[in-house]
């Protein structure tokens, strides 16, 4: 209690000094608290060099807050919005958890190291733990993006096979595998660091991974290999989407073998259609023209939706690539050219590039906000403290008919304006399938006009 009281007193004193004597301050409030609580043996309180202020550190605090807050919004959106309940968004929520933990556990300690001029101010046993968390969450980010890329490619390439194994439980299992791989990559660091402090300290003061073999192997396993898989699968996904769109535009479709369910198709029945049935040539031409006109409608919309989703994910992939590649490339070069390279320059570059990678954790929520209406609307509601889930209007269901009673025959379900009750009639034998005829009850139309909906009987 005495140490805590002294720490609070020290914080208030230095905060007043920061507000009143900004130009003369020599100790930051955060540094004062840490020094008073831990009473480290590294010596005294931190002092900025002459002429240097702590405003860059304050800007980093803003980045940390935005990273934590933005990823919390993503987690809330996926948890509360039913439209976002799918495998890809579950992966994005898990990715947001990793990014949020970067803002909570990794970035503040890195900021603390900057305040102390990269002299580790905390107990030394915490250094390998902090490095392990850094590697864990960074690896989890790239593994999540790699898993998303693979999952979407399989879903677009083999939709039927993917739908059989695509459920919430399966998505959670895949996410668990991603986290298991990330933990497996990061666990050796505390073991190595606690056995030999030289593996995690440079010049016995700076907390940084100092094992060349682990740096090389870890960089390839945790970054370059998943990055290669991610780029290849994303390019293949774009190729498949373009090929499917071109085939639809030219009137060709790829139908998987076996049974398939047709989408609900609506058309108006008129007397001209019955007249054309008497002429086989005209009837055949009409069917071809009708089939060609209505084929792309639902499928093209699905492909457009996939393109939009792929565009958003592509931006996320590109941002991650641009912001983390400099760090890992410099990290590899610092090991390969240990003697020929300027190590001081390499250390300065790594200190800058690692923060560029950290900023990537806070950019993803901005990407979702700019390019996805559902996320944008959800974020807007949450920021206004509106957490109500939209309820869909009740849907009136038509009584179901047992499949065994159909036997390939057609049933006409007519809902008339004056009764609002369905009347089921058996149709003729020469028109197989199921036909539901529902009169429009809302719009002022001719009572004789009936909308016909045909569903394939499988």
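Every residue gets a Cβ built from N, Cα and C, even glycine.
Pulled from Swiss-Prot:
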BINDING   139, 209  ergotamine binding site
REGION    274-301  region 'Disordered'
TOPO_DOM  33-55  topological domain 'Extracellular'
TOPO_DOM  112-128  topological domain 'Extracellular'
TOPO_DOM  190-213  topological domain 'Extracellular'
TOPO_DOM  337-347  topological domain 'Extracellular'
TRANSMEM  56-80  transmembrane segment
TRANSMEM  87-111  transmembrane segment
TRANSMEM  129-151  transmembrane segment
TRANSMEM  168-189  transmembrane segment
TRANSMEM  214-236  transmembrane segment
TRANSMEM  312-336  transmembrane segment
TRANSMEM  348-370  transmembrane segment
Touch test for the transmembrane segment (56-80) and the transmembrane segment (348-370), at least 3 Cβ pairs under 8 Å: yes
Leading contact stretch, 87-111, 168-189, 214-236, 312-336, 348-370 vs the transmembrane segment (129-151) - CB distance under 8 Å: 87-111
All-chain count of other Cβ atoms within 10 Å of residue 139 (ergotamine binding site): 24
Candidate ranges 87-111, 168-189, 312-336, 348-370 - greatest C-beta contact count to the transmembrane segment (214-236) (under 8 angstroms): 312-336
In contact by Cβ distance (the transmembrane segment (87-111), the transmembrane segment (348-370); 3 or more pairs under 8 Å): yes
Spatial neighbours of residue 209 (ergotamine binding site) that are distant in sequence (at least 6 apart) but have CB under 8 A: 131, 135, 189, 199, 200, 215
Per-state residue totals over the topological domain 'Extracellular' (112-128) - DSSP helix, strand, coil: 7 helix, 0 strand, 10 coil
Intrachain residues whose Cβ lies under 8 Å of the topological domain 'Extracellular' (337-347), provided they are six or more past its termini: 202, 212, 330
Counts of helix, strand and coil residues, the topological domain 'Extracellular' (337-347), according to DSSP: 5 helix, 0 strand, 6 coil
